[in-house]
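Working notes, beginning with the structure itself.
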Amino acid sequence: MIEGISFASFVTHEKPKFVRALDFYKALGFLPTKEYKHGTDHHATDEEGAGSIQEVWLTSSRAGVPSVTVKLRLSRHGNEHVSLPNLKHDWRSLVPSLVYYAPDLDAVRAAITPFLHEDHSTLLERPSHTNFIELYAIDPMGNLVGFSRRENPYSSAMQKPFSADDIGPQNFSKPNETKIKGKKRIGVMTSGGDAPGMCAAVRAVVRAGIARGCEVYAVREGYEGLVKGGDLIEPLSWEDVRGWLSLGGTLIGTARCKEFREREGRLAGALNMVKNGIDALIVIGGDGSLTGADLFREEWPSLIEELVTNGSITAEQAERHRHLDICGMVGSIDNDMATTDVTIGAYSSLDRICELVDFIDATAQSHSRAFVVEVMGRHCGWLALMAGTATGADYIFIPEAAPDATQWAEKMTRVVKRHRSQGKRKTVVIVAEGAIDSDLNPITAKMVKDVLDGIGLDTRISTLGHVQRGGPPVAADRVLASLQGVEAIDAILSLTPETPSPMIALNENKITRKPLVESVALTKKVADAIGNKDFAEAMRLRNPEFVEQLQGFLLTNSADKDRPQEPAKDPLRVAIVCTGAPAGGMNAAIRSAVLYGLARGHQMFAIHNGWSGLVKNGDDAVRELTWLEVEPLCQKGGCEIGTNRSLPECDLGMIAYHFQRQRFDGLIVIGGFEAFRALNQLDDARHAYPALRIPMVGIPATISNNVPGTDYSLGADTCLNSLVQYCDVLKTSASATRLRLFVVEVQGGNSGYIATVAGLITGAYVVYTPESGINLRLLQHDISYLKDTFAHQADVNRTGKLLLRNERSSNVFTTDVITGIINEEAKGSFDARTAIPGHVQQGGHPSPTDRVRAQRFAIKAVQFIEEHHGSKNNADHCVILGVRGSKFKYTSVSHLYAHKTEHGARRPKHSYWHAIGDIANMLVGRKAPPLPETLNDEIEKNIAKEQGIIDPC
């Protein structure tokens, strides 16, 4: 059962421990091969301990695998093993450990369970007790023994990477198993319209393919390159795609090819693939490109037969290329593909639109003008809807929600006039290029301008055009492209002739595979439904998030300072307070909560400057929020009502007094881990203070993304975008000076989320997190890796490199210390510099993703208060509103606090994102780091050598 390369000697002077340890290792599958007792005729050899009362040697081995030998010694003077003072935390580094390879950890756990303490405190499963790849236990003699699915934890060989299918909440299990039959040649192409993130996708495909033992060929200029062949089809090496992660567009070119639509063109493409030995194709493009790819696969057998018949290829070549494997990745800024929540390029395009509309706002505000902004989206209004939400547009026109042909102008002018009457100086209307009315007549930007001119507004048209496609991809697109690229390779390697062509999708925050043909067919159904005036069906075919976002936009847009548009049964008084460090999206959440509350007839109050502000300033810290003051907040960073790290424990009695005095019916707390703690303190105080027995809901907002009960927090995406821009500039500088490494310190507290994801999207060569820690052996391993990498890239471009270190990954190995050690060890072969972005990571303007999420969070929070107001079941009245996949979930704070939180580390016990680090390492070629080893390990080894005890190497 166990494989390894170690020889270990364990000593004790207690006979019961010796006997129980013997049973322990026998249960693991070790067999006694040698036994020695003092006083028998047998004489101890040099290998055997002369001072032993009894020795038993146990060995476990398999054919072709080096044996593992454990020598148990009963001695008059056994070693005293280090005690473990606190078994509630990760105690692996407190004593020396011996780690074995064990492919079946469930069997190992079952075998050693009878030897554990009743509370299982001597067992540690990592990274979690449900999904573990390492298992540590304390044997009866007090030795720490580990078991790992990794074949050799101390080896420098690259461990098998995790599949991208493992990335996603509640989906962290075994890596996707692929069957590689021979060395496969895989072609990759980009086709149709370009999209930001395509280069990152190609990079991931190339490097994942090489890591999986494949050869990857670029088919340049899309299907045109496939038809023409020659130099347009060429192999890509690992180094060829260096630096592509941050580039916009596609460096392998794209084109729309009429020839490929005809069979003769596809026949030429088949011939060129056979000539180059390519038997699989990954196509990155829109629905038209993917449709062509699947047709190509469907016709492949007949194309090969025709090529044999006309003598273009031999029968032997035909036999080697009997089947063609196709995999699709959707690259489209419109986000118009069914069965996936988002497509590569959509987030970046949305970011461009929102940035430009933010700029337009300044001039519109100055001149009190109206602007009509036309964005892309021929059959899909995703860009227009999300941009309208993120920028606080007055009105939007999208194809799926076509307005009445005779009333749309009147409805729009009514909304615009209402907003102007409430004091708003600017008007922004966003029009999708495919916008139509209920009679399928186009609604153009010019038509909207004419209507606005008719009510006396000075109106301008801004058509954004191809600016929406340009620029580097944002953080979300880099993550999506990288994970989907890895999954595309795995999909290709696991396909059979009977398997339908897959399309790589994102569903519920999981990378998934969907049937390509069905996905394209559903996409076309949306256009058909719109063409048939069945707009309800068109909306049904969109994902639920799209529908919910549209409803949220309409509700917040209908807010009126004087008259509620959708009055609730019971008007409520709702308080909003921010706690902890500022994060992008806080203001957007405040805005959406207030606008939704006003639309429902509620009174919305801000508690300024957190809990300490309420205690110190009393009624002066509480102020009712108006429509006009919150309306422009969606674009602003920071926190307009003030925030700090004070908690209710500063004076619970005074806080309860003011809650009672203000007659609050509900509370929304926006913030990070401090908000979580604040809610727990308020929840615990309910029994003493009746004024606190109201519905309370927490909206997670922190760049650390460390709030239990949610996969995402507001501000994390803004932080990642800030880091992407910062690190891209650093890499440019490092590349210009050639052999330079920047050691970048990132925030995140005790959560490695930001460092891990930033490592993936910036192409960092090394990432250190609090979860993995830093030690001398690991640092030595990584410095050696960096030296080798720089040596191989001394004369090439784009050689700038990054090392990311979370601010709390080590108290000893600080950013400056690591930089100094690297410079000393590099001996002038390269140099290292320190870069600390600090609070720049909190970002300026929040990202569109954080703005859009903020609206959904805020509306759900107010709805929770509406639903639970007046209920007597206080147990479920205090919750964290979290995102699981793409769905929102309310979770009791008391449950999270008691069962799901590492309080000392201020983070959840389980997180979905850990496997991203393995994929990031694979994509930069970082070899598997050694297991952590403390200085105590080195001391123990030296003592063992002096005593003649053979210690595992």
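Cβ coordinates come from backbone N, Cα and C, glycine included.
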Quick one: which of Gly193, Gly197, Gly209, Gly345 does Swiss-Prot put in the ATP site with Arg256, Cys257, Gly286, Asp287, Gly288, Ser289?
-> Gly193
Which of these, Glu305, Glu433, Glu498, does Swiss-Prot say binds substrate at the same site as Ser332, Ile333, Asp334, Arg369, Met376, Gly377, Arg378, Arg460, His466, Val467, Gln468, Arg469?
-> Glu433
Please work out the number of neighbouring Cβ atoms within 10 Å of the Cβ of Gly749 (beta-D-fructose 2,6-bisphosphate binding site), leaving out its own Cβ.
-> 22
Could you tell me how many residues in the region 'Interdomain linker' (559-572) are helical, how many are strand and how many are coil under DSSP?
-> 0 helix, 0 strand, 14 coil
Neighbours of Gly193, Arg256, Cys257, Gly286, Asp287, Gly288, Ser289 excl. site residues, C-beta within 8 Å of centre, ATP | Ser191, Gly192, Gly222, Gly285, Gly292
Local Cβ density at Arg378 (substrate binding site) - other Cβ atoms counted within 10 Å = 13
What kind of secondary structure is Arg460 (substrate binding site) part of, going by DSSP in three states?
-> strand
Measure from the Cα of Arg645 (beta-D-fructose 2,6-bisphosphate binding site) to the Cα of every one of the binding-site residues Arg256, Gly286, Ser289, then give the nearest.
-> Gly286
Cα distance (Å, whole number) from Met376 (substrate binding site) to Ser289 (ATP binding site) | 19
Given Asp287 (ATP binding site) and Gln842 (beta-D-fructose 2,6-bisphosphate binding site), what distance in Å do their CA atoms have, once rounded to a whole number?
-> 37
Can you grab the distance from Arg740 (beta-D-fructose 2,6-bisphosphate binding site) over to Gly286 (ATP binding site)? Cα atoms, rounded to a whole Å.
-> 39
Taking residues Ser332, Ile333, Asp334, Arg369, Met376, Gly377, Arg378, Glu433, Arg460, His466, Val467, Gln468, Arg469, which bind substrate in the record, the widest Cα spacing (Å, whole number) | 32
By a three-class reduction of DSSP, Arg740 (beta-D-fructose 2,6-bisphosphate binding site) is assigned strand
